[in-house]
Amino acid sequence: MPQNTLNIVILAAGKGTRMYSKMPKVLHRIGGKPMVGRVIDTAAALNPQNICVVIGHGKEQVLDTVKRDVVWVEQTEQLGTGHAVKTALPHLSAEGRTLVLYGDVPLIDVETLETLLEAAGNEVGLLTDVPNDPTGLGRIIRDSNGSVTAIVEEKDADAVQKAVKEINTGILVLPNAKLENWLNSLSSNNAQGEYYLTDLIAKAVADGIKVHPVQVRASHLAAGVNNKLQLTELERIFQTEQAQELLKAGVTLRDPARFDLRGRLKHGQDVVIDVNCIFEGDIELGDNVEIGANCVIKNAKIGANSKIAPFSHLESCEVGENNRIGPYARLRPQARLADDVHVGNFVEIKNAAIGKGTKANHLTYIGDAEVGCKTNFGAGTIIANYDGVHKHKTVIGDEVRIGSNCVLVAPVTLGNKVTTGAGSTITRNVEDNKLALARARQTVIEGWVRPEKDKQ
């Protein structure tokens, strides 16, 4: 039996009633990714022959959310873990081994599974744990020699068996040559009326096949999620581990307990991240980047020596070197900032290229635009890029000075060194070095009397 032929079955069909959610349990997220997606990633890292994911409750949602190249198998009736694996049998090879994982055990890692597979060899591998509280979990039963003889679910256990602290995590390695016969011989004559996968341990022992237990090195690696409390506990463990890795790599986290990474973070040296920041997707931070408190950054690249002030939101954007962003700034998708750009409070930029040294220090909207170098936006500048049907582009040259409270109505082009007077609405192109004024002349009415209410 070739030991290198590996099938993986991931059980993900349960209802998750204790989550009190319309969303299938396995789609609830850890670190920004659905739990079952994390398990698939871990499984794929083992380079198996195939991965079968058994789904049932909310299968349409699972398929719509987790778009992965795996074998999807439907369990139409939830009749237990043994029945779930049986539904995957047609997709498993006749020889080799099958590793059984769970879509609601999101933190299982490659190292643990490789250890289990090595220990199992061509026989049976069983991942166990000794938690502080084994209540509700299946107990590992051993004989006088310490060999595993069975797993007894708590509802079927007697007082002596319930006193056992070692529990079954559910993760198993099974020989394919025996798997079909063992599954076909399962009985549902138990307290749950289900076909228990755990009953295969006793069948292996009866067939003279050794069971190799491996105790997980940390309980959270094999911990399942049945409710929102357990979900948040694993989320915090996951985030703590990520924070520790960043600290070891030289990133300064002002408070590791108030840091969330929901993706991948690539960083240079001397990066500083303040409290309550959330990072999603793929993030790249250059040398000496500082992220202020309460920022949300998603799929962004930030160049060296740039400072992001508190309460700023950056999504799908590129920020050059030596930028000053925020506080309360928003960079939306396709915002592309060159070096030495200043974006101040309550400035929003979307689908726009901003040239080197340009400043928009406050209360400005820049959308669908191309802006040159060393241009300055006065407070309250708005680029009106949408006519109700289509978006239009605005082009602004180098060293342009846009007065406060101006509206640039796209499509429009401002040449180099153009100046616009405060309060202007610019609707036509302006050539280089010109001053554009587009506002009503002020009128002062002499002798005007302010009306007052009648006093009665």
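The count begins at 1 with the first shown residue.
Placed from the backbone N, Cα and C atoms, the Cβ positions cover glycine too.
Small disclaimer: the values here were computed from a predicted structure and weren't measured.
Its own atom aside, the Cβ of His362 (active site, proton acceptor) has 18 Cβ atoms within 10 angstroms in the protein chains shown. The active site, proton acceptor annotation in Swiss-Prot covers His362.
Residues or ranges marked as UDP-N-acetyl-alpha-D-glucosamine binding site by Swiss-Prot on the basis of sequence analysis: 11-14, Lys25, Gln75, 80-81, 102-104, Gly138, Glu153, Asn168, Asn226, Arg332, Lys350, Tyr365, Asn376. For Gly14 (UDP-N-acetyl-alpha-D-glucosamine binding site), the number of other Cβ atoms no farther than 10 Å from its own Cβ, over all displayed protein chains, is 24.
DSSP assigns Asp104 (Mg(2+) binding site) to coil in the three-state reduction, placing it in neither a helix nor a strand. For Asp104, Asn226, the entry in Swiss-Prot reads Mg(2+) binding site, with the evidence type sequence analysis.
Residues annotated as acetyl-CoA binding site in Swiss-Prot: Ala379, Asn385, Tyr386, Ser404, Ala422, Arg439. Neighbour list (Ala379 (acetyl-CoA binding site), Cβ cut-off 8 Å, at least 6 residues apart, same chain): Asn361, His362, Leu363, Thr364, Ser404, Asn405.
The region 'Pyrophosphorylase' annotation in Swiss-Prot covers 1-228, and the record cites sequence analysis as its basis.
When the region 'Linker' (229-249) is classified with DSSP, helix, strand and coil residues number 20 helix, 0 strand, 1 coil. According to Swiss-Prot, the feature region 'Linker' maps to 229-249.
Annotation source Swiss-Prot lists region 'N-acetyltransferase' at 250-456.
Straight-line distance linking the Cα atoms of Leu11 (UDP-N-acetyl-alpha-D-glucosamine binding site) and Asn385 (acetyl-CoA binding site), rounded to a whole number, equals 50 Å. Candidate binding-site residues: Asn226, Tyr386, Ala422, Arg439. Nearest to Asn376 (UDP-N-acetyl-alpha-D-glucosamine binding site) by Cα distance: Ala422. Annotation: Gly103 carries the greatest number of neighbouring Cβ atoms among the binding-site residues Gly80, Gly103 [cut-off 10 Å, Cβ to Cβ].
Residues belonging to the region 'Pyrophosphorylase' (1-228) score a mean pLDDT of 94 in the model. All protein chains included, Ser404 (acetyl-CoA binding site) registers 17 other Cβ atoms within 10 Å of its own Cβ. Between the CA atoms of Asn226 (Mg(2+) binding site) and Ala422 (acetyl-CoA binding site) there is a gap of 60 Å.
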